[in-house]
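Visitor: This is the structure I have questions about; it appears just below.
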Ligand SMILES: C[S@@+](CC[C@H](N)C(=O)[O-])C[C@H]1O[C@@H](n2cnc3c(N)ncnc32)[C@H](O)[C@@H]1O
C-alpha cells in the first residue's frame with residue numbers, strides 16, 4: 001500500500017480551505033510510531049471541530065483552569081507544561097500531523113489526563129468550539145514568522161485575531177506570546193498595546209522575561225543556534 005503523505009492525511013481529516021493561512025502544511029512523512037499513535041491514542045486525546053462547542057467539564061471530568069496553546073509544533077514543550085501543572089487542563093491545536101502524533105504518543109505513554117488536542121486550523125477551533133470567557137491562559141510560542149513583507153498578512157497575530165483571543169479569555173486571564181524574530185516581536189507589541197482589553201504585565205511597551213512556566217521550545221532552540229534573540233510578551237485580560 002502506498003504511504004500517505006502528511007498533506008494528504010491532513011486533507012483527509014480536518015483541514016479546511018482558506019484564502020489566507022498562517023501556515024503551510026510541511027512535507028514530511030510520519031514515522032511509524034507517530035502513525036501508530038493515531039490508532040492507539042487519538043480516541044483518548046483527539047478532539048474534533050465537528051463535535052461543536054467544547055465542554056471542558058465533560059471532557060476532563062473536572063473543573064480546572066483551562067490553558068490553550070496554538071501551534072505546539074512537535075509538542076514537547078506543551079507536554080512538559082501539562083506534566084508540570086497537573087492542576088490545569090491543556091488544549092493544544094496544531095495542523096502538522098507528525099507533531100500531533102508525537103504529542104499524543106508521549107502523552108499516552110505517560111498516561112496524562114489533563115491534555116487534549118485538535119488537529120485543525122486554530123481560528124476555526126476558536127470560533128466553533130471554544131466558549132467566550134472560558135480560558136485562563138492563552139499561549140502562542142514562535143508562530144511562523146513569515147519574514148517577507150509581502151507575506152506579513154499571513155502572520156497569525158493581527159488585531160482581529162487578538163480581539164478573538166480576548167473574547168475567549170476570562171477576565172484576569174493571561175495572554176502569552178513569544179517569538180525569535182525581532183520584526184514580528186515589534187508587530188506583536190504594537191498590536192497588543194493597541195488592544196484596550198489587555199494590560200501589559202511588564203509595563204507599557206515592554207517585553208517580559210520568560211516566565212518559569214514556559215519551557216524552551218524546539219523552534220526556540222533552533223533560533224538560538226542561529227544566533228536569534230527571544231522576545232516574550234505577557235498580557236493580562238482586563
Ligand atoms: C514555527 S512553528 C513553532 C512550533 C512550536 N511552538 C515551537 O516553538 O517549537 C509554528 C507552528 O504553528 C503551527 N500553526 C500555524 N498556524 C496555525 C493555525 N492557524 N492553526 C494551528 N496550527 C498552526 C504550524 O503548523 C507550526 O507547527
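A Cβ is built for glycine as well, from the same backbone N, Cα and C atoms used for every other residue.
So TrEMBL has the following annotated:
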type    : residues                     : note
BINDING : 69, 94, 121, 144             : S-adenosyl-L-methionine binding site
BINDING : 148, 180, 217, 218, 219, 220 : substrate binding site
Visitor: Among 69, 121, 148, 180, please name the binding-site residues whose Cβ is nearer than 6 Å to ligand 1.
Guide: 121
Visitor: Specify the secondary structure state of residue 148 (substrate binding site) as given by DSSP, simplified to three classes.
Guide: coil
Visitor: Taking the residues 148, 180, 217, 218, 219, 220 listed for substrate, what is the greatest CA to CA distance in Å, to the nearest whole number?
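Guide: Output for substrate binders 148, 180, 217, 218, 219, 220: max Cα distance 23 Å.
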Visitor: List the Cα distance (Å, whole number) between residue 94 (S-adenosyl-L-methionine binding site) and residue 148 (substrate binding site).
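Guide: Distance (Cα to Cα, whole Å): 23 Å.
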Visitor: If you count other Cβ atoms within 10 Å of each one's Cβ, which of the binding-site residues 148, 218 has the most?
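Guide: Comparing the binding-site residues 148, 218, the most crowded Cβ belongs to 218.
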Visitor: For a quick check of understanding: given the listed S-adenosyl-L-methionine-binding residues 69, 94, 121, 144, what is the maximum Cα-Cα distance in angstrom, as an integer?
Guide: 14
Visitor: For residue 69 (S-adenosyl-L-methionine binding site) and residue 220 (substrate binding site), determine the Cα separation and express it in whole Å.
Guide: 16
Visitor: Give me the sequence-ordered set of same-chain residues, not including 69, 94, 121, 144, with a C-beta within 8 angstroms of the centroid of the S-adenosyl-L-methionine site's C-beta atoms.
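Guide: The surrounding set, listed in chain order, is 22, 23, 70, 71, 72, 93, 95, 96, 122, 143, 156.
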